[in-house]
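Feature list (source: Swiss-Prot):
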type	residues	note
REGION	1-26	region 'Hydrophobic'
DOMAIN	32-90	domain '4Fe-4S'
BINDING	Cys49, Cys52, Cys57, Cys73	[4Fe-4S] cluster 1 binding site
DOMAIN	105-134	domain '4Fe-4S ferredoxin-type 1'
BINDING	Cys114, Cys117, Cys120, Cys154	[4Fe-4S] cluster 2 binding site
BINDING	Cys124, Cys144, Cys147, Cys150	[4Fe-4S] cluster 3 binding site
DOMAIN	135-164	domain '4Fe-4S ferredoxin-type 2'
Amino acid sequence: MSAIVIAIVVLTILALVFGVLLGFAAEKFKVEGNPLTDQIEALLPQTQCGQCGYPGCRPYAEAIANGDKVNKCPPGGAATMEKLADLMGVEPEPLNVTEAVQIKKVAYIREDECIGCTKCIQACPVDAILGSGKLMHTVITDYCTGCDLCVAPCPVDCIDMLPVEQTTKTWNWQLNAIPVKQLQEDKPC
């Protein structure tokens with residue numbers, strides 16, 4: 001046999017042995033997570049914005065599972081808070097006004113000042129910023145959660161947080177609050 005074939009066979013056998021060892025170790029030392037934490041995390045919006053006072057949605061889910069309040073997630077809003085309260089078996093509370101943003105704001109990039117460094121793109125947890133290296137960037141306002149994480153990394157300070165204008169598209173319509181009268185159809189004779 002040539003030296004190359006022997007080397008390939010030896011490396012293949014080593015790879016198989018190490019693969020089996022790693023597979024065994026992964027099963028033997030597997031850490032089981034809290035299923036309640038997983039359920040709570042599934043309900044959270046996964047923006048990783050930190051507005052709740054925790055560094056991301058997973059740490060906040062762990063805190064809720066350990067007894068923290070369920071009303072600290074502004075991006076999730078009242079609907080998420082009610083689902084969390086139902087899951088935890090507690091009474092729904094209004095969103096914590098010290099944590100919640102009163103007026104929804106979104107990031108706005110002054111494109112004429114943008115140098116295209118991509119630091120804001122890397123900081124955005126919901127991929128709401130478009131752009132590429134050395135080119136201007138822009139924000140997709142429909143995706144922006146207003147978490148403010150893109151402002152600090154900007155080296156030229158060209159990102160502003162502006163309130164969302166109230167239009168028919170952004171208005172919080174409460175259609176269930178409008179009474180609807182059901183009309184009975186006349187049957188043909």
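From the backbone N, Cα and C atoms, a Cβ is placed for every residue, glycine too.
Close to the recorded [4Fe-4S] cluster 2 site, the chain also has Ile109, Ile115, Gly116, Thr118, Lys119, Ile121, His137, Cys150, Pro153, Pro155, Val156, Cys158, Ile159: residues not among Cys114, Cys117, Cys120, Cys154 whose Cβ is within 8 Å of the site's Cβ mean position. Put simply, Cys150 ([4Fe-4S] cluster 3 binding site) is 12 Å from Cys117 ([4Fe-4S] cluster 2 binding site) when counted between their Cα atoms. Taking the centre of the Cβ atoms of Cys49, Cys52, Cys57, Cys73 as the [4Fe-4S] cluster 1 site, the nearby residues of that chain (Cβ within 8 Å, site residues left out) are Leu44, Pro45, Thr47, Gln48, Gly50, Gln51, Tyr54, Gly56, Tyr60, Lys72, Pro74, Pro75, Gly76. Taken through DSSP, the region 'Hydrophobic' (1-26) splits into 24 helix, 0 strand, 2 coil. Cys73 ([4Fe-4S] cluster 1 binding site) and Cys154 ([4Fe-4S] cluster 2 binding site) have their C-alpha atoms 25 Å apart, to the nearest angstrom. Residue counts for the domain '4Fe-4S ferredoxin-type 2' (135-164) under DSSP, split into helix (H, G, I), strand (E, B) and coil, are 0 helix, 7 strand, 23 coil. When the binding-site residues Cys114, Cys147, Cys150, Cys154 are compared by Cα distance to Cys57 ([4Fe-4S] cluster 1 binding site), the shortest distance belongs to Cys147. Each residue in the domain '4Fe-4S ferredoxin-type 1' (105-134) gets a DSSP state, and the totals come to 5 helix, 7 strand, 18 coil. Its Cβ taken as reference, Cys124 ([4Fe-4S] cluster 3 binding site) is surrounded by 25 other Cβ atoms within 10 Å in the chains shown.
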